[in-house]
Each structure stands twice: as structure tokens, then as C-alpha cells.
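Student: Input: one structure, supplied below.
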Amino acid sequence: MEKTIGVLALQGSFNEHIECLKKCVDEKGYNIEVLTVKTIEQLLKCDSLVIPGGESTTISQIAERTGLYDHLYKFVRTEGKSVWGTCAGMIFLARDVRNQANLLKPLGALDVAVDRNAFGRQLDSFVSDCDFSFWGTQEDSFSAVFIRAPIVSEIYNNERVQVLHKVEKNGQEYIVAVRQGKILGTSFHPELGSDIRFHNWFIEEFVLK
């Protein structure tokens, strides 16, 4: 049965995610349609959803203005649906968002609190070679791109939320990737580069299972 992965295309790096996912489909031969999501009708066709990086407050406000917010709220709580939020997308998925001006209305699907722009301004953005051994492959090093990235500052449900990765910066460790069932949150941007292994892993571990 064909699966449909939607990429929320209200603002941010949605084109990059679409390109990466389509490359995965072409290379692996997955029976998957990749769909741009801007309307309620498009969202309702999806089995999975990617919420891209960008500006979380803007994404939230556009979702409310277009009537998508309530449908997104329901989607991320629907059993069997898989969701991945990158950077701003992870912020949008969190239960609580700290150091923000209360203009953002998060979806609350991840039982975590996040801190926005935890590593500083855009000039402080960086690339980190990360060990993602949970892929279960020998080639488990991945160059993760962090741009004004959030961190997971608190986990409310340790039984449900799994920490996938931490990064060390300025002598401290920060949580930058978490999983809660079929919901994935990453602080970094796997779509900003030519390495599509993270997108492949999302498809195989979340979409197809």
C-alpha cells in the first residue's frame, strides 16, 4: 500500500526536505508519495508529516490563520501517524517553549520543554559530526547542521521520551534529538546537505513501520 509523506510548506526549508525525501524514494524504490502540504485537504491525505525548520512563531501563526492548526493538532495525536520536526518544527511540536514572547502556540505532542536559539545567534551556528549508532549500521557518523538551534531543556515523561542524541558545546552536553513513539524531534537540519541517510532512516523507522 502506498504511503504519503507530507511536508508542511507554510514557511522554512520545506523545499529541501521535499528534495531529500524524493531522492530517498528514487534511490530506494519506496512506494511513497511526497506531498507538499499547504491546505487541510492535503494534510488529510498524509500518513506522515515533516515540519521543517524556519521560524516557529511564523509557522504557528500561519497555521492558525489558514485554519490548519486544529487539524495539525489532531494529526500529531492520531495513532499510526508519524511526525518529524526539525529545528523550528521540533519547537512547534513541543509541549512548552521557553524564552519566547508567547506568540507561538505549540502543538504539544512531544512531552518536552525546548529552549529556542540555545546556541546563540546565527553567527554561532555550527556543524557537528555526530555518532548516530542507533541507525544500526557501520556508517553511523553524520554531519549535523545547527542554525539558531533549540535544545530539549526538560523531559516531562522519561518513560515515553527517548533521547537519541546529545551534542557537546562549550563544555556542556545538550539534548538535540528525541523520539516519542512515532514522533521525532531534531534540533539540527538534515535537509541542508547532500546526505540523505537521516531521511532514509525516518522513512524506514517511522513511516514504514
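Counting starts with 1 at the first residue shown.
Glycine too: its Cβ is placed from the backbone N, Cα and C atoms.
What TrEMBL says about a protein is an automatic prediction, not a curated fact.
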Student: If TrEMBL gives GLY54, GLU55, SER56, ILE147, ARG148 as binding L-glutamine, which of ARG95, ARG98, ARG116, ARG179 does it give for that site as well?
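Tutor: Checking ARG95, ARG98, ARG116, ARG179 against TrEMBL: the L-glutamine site match is ARG116.
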Student: Reported as an integer number of Å, what is the Cα distance between GLY54 (L-glutamine binding site) and CYS87 (active site, nucleophile)?
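Tutor: That separation, Cα to Cα, works out to 7 Å.
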Student: At the level of the C-alpha atoms, what whole-angstrom distance separates GLU191 (active site, charge relay system) and ILE147 (L-glutamine binding site)?
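Tutor: Per the Cα atoms, GLU191 (active site, charge relay system) and ILE147 (L-glutamine binding site) stand 12 Å apart.
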